[in-house]
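Per TrEMBL, the features are:
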TRANSMEM  20-39  transmembrane segment
TRANSMEM  55-73  transmembrane segment
DOMAIN    129-247  domain 'Palmitoyltransferase DHHC'
TRANSMEM  177-199  transmembrane segment
TRANSMEM  211-233  transmembrane segment
REGION    306-326  region 'Disordered'
COMPBIAS  312-326  compositional bias 'Acidic residues'
Amino acid sequence: MRRGWKMALSGGLRCCRRVLSWVPVLVIVLVVLWSYYAYVFELCLVTVLSPAEKVIYLILYHAIFVFFAWTYWKSIFTLPQQPNQKFHLSYTDKERYENEERPEVQKQMLVDMAKKLPVYTRTGSGAVRFCDRCHLIKPDRCHHCSVCAMCVLKMDHHCPWVNNCIGFSNYKFFLQFLAYSVLYCLYIATTVFSYFIKYWRGELPSVRSKFHVLFLLFVACMFFVSLVILFGYHCWLVSRNKTTLEAFCTPVFTSGPEKNGFNLGFIKNIQQVFGDNKKFWLIPIGSSPGDGHSFPMRSMNESQNPLLANEEPWEDNEDDNQGNLS
């Protein structure tokens, strides 16, 4: 009876957490819907008097809005990709591993299993990266997300604003969402600014639209500043072929810690996220190369590119401790 109450309470708490996790997304959606109303109806249809200006503003606004909404949708509803079955322990190996009480023997068992897999990263102590919750050997750049309760390929971070884990399957969409968000706010701010000045000077009648126009500029500028900072940071990460987790905690390879381990050069780093075909770079369609389980590494490309071999290696001795995210 007592156990049943505990299970029911635990299930209720999980349900509440799932519902509450959509609150940030709901807030963003409501702000966007209000901005649509304020811009299209209160600014373009009510405040702007020139028919030509109305048409130009509306066409450009809706072109940006479509891509902004499309990339946001893809960021939210593209499920994080998990490691495939070959990285999971078989039933026999799982039983052997759990029944073994000696830690050194467990570590050796994982080393033997990892020899059959394309795994080149290790923990700070040099052990094979193993998730004891998902019972799998972690592929390179894969981490366990405590919010999603699963291992995510090339995990970058868990984003509450999209209620999703950002990783290999949707990192391109997330970057595009940030880019189109910046463009969306910039477009609104630049086109609204002249009417903001007119309302401020009293050149336009003080009607209901005044509040929407004034507040629209304030909200657009506020979001623009924060989004530019976030987008700029992720552009830097892409240029170095790093994830957010790797920027804070240096990946450890079989040869030791290497801060620049996945850096292939600026162009190739961009292609690792957006693909080789440039016509897909601005469209939220999956084009990232590979399957998310293994990635080209700097050490494997030095022999093919002598310029890489001449660069000085980075020094970093941080451990691979990800807390709840690894």
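Each Cβ is built from the backbone N, Cα and C atoms, and glycine gets one as well.
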- Work out, from DSSP, the number of helix, strand and coil residues along the domain 'Palmitoyltransferase DHHC' (129-247). 68 helix, 16 strand, 35 coil
- Among 55-73, 177-199, 211-233, which stretch has the most Cβ pairs under 8 Å to the transmembrane segment (20-39)? 211-233
- Message: Given a Cβ distance threshold of under 8 angstroms, which distant residues of the chain, six or more beyond its ends, lie next to the transmembrane segment (177-199)?
- Response: 35, 39, 43, 47-48, 57, 60-61, 64-65, 67-68, 71-72, 74-75, 162, 206, 210, 213-214, 216-217, 220-221, 223-224, 227-228, 230-231, 234
- For the domain 'Palmitoyltransferase DHHC' (129-247), mean pLDDT (0 to 100): 94
